[in-house]
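In TrEMBL this protein carries:
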- 8-21: compositional bias 'Polar residues' (COMPBIAS)
- 69-86: compositional bias 'Polar residues' (COMPBIAS)
- 143-152: compositional bias 'Basic residues' (COMPBIAS)
- 166-175: compositional bias 'Basic residues' (COMPBIAS)
- 20-89: domain 'H15' (DOMAIN)
- 1-25: region 'Disordered' (REGION)
- 69-175: region 'Disordered' (REGION)
Amino acid sequence: MATEEISRTQGLNPSQQSSSLPDYPQMILEAIEALNEKEGSSMSSIAKHIDSTHSDLPASHSTLLSHHLNQMKQMGQIVMLNNNYTKPDPNAPPKRGRGRPPKPKVPLPPGVVVSPPRPRGRPPKPKDLLAPPKPKSVSTGRPRGRPPKKAKTGTATAPPPPPGVKRGRGRPPKV
């Protein structure tokens, strides 16, 4: 059961993983320690060291190696400097996140009750209890909104010409 969980994290099926091969994070840390380079070990040198020490590597070794290097870098198990991987310095300060750090909170003395934060938006108008209630709506007799267009009763346009007369081209002259 535990070997299945480990193999899932490495991207291999239990049938593909050989029993003599250790975990990729373990192999990577062993390679960095064995190489013991001052500026750190590059990805290619780590891959060559793992190839030389372990003969039965899967076909997707380079993909698995880059995946686990990135994963270990994000978790803080290894540090990347100038495309070289090293173990983190135990005396180094912890890595800060992005952005401005939050202000330190001052502890409140005991017995002080914290009021809930103000709600968002504009506060409501105060209700006057002495004022009489407003009437619901005053009807003026007209409905709300724009009145509908009225249909035209008379025709203001010129009557059509008789069917036998042919019009000329262009705009007719002023009369």
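Glycine is treated like the rest: Cβ placed from N, Cα and C.
Unlike curated records, TrEMBL annotations are generated automatically.
Looking only at the domain 'H15' (20-89), the predicted model's pLDDT averages out at 90. Taking H, G and I as helix, E and B as strand and the rest as coil, DSSP gives the region 'Disordered' (69-175) the counts 7 helix, 6 strand, 94 coil.
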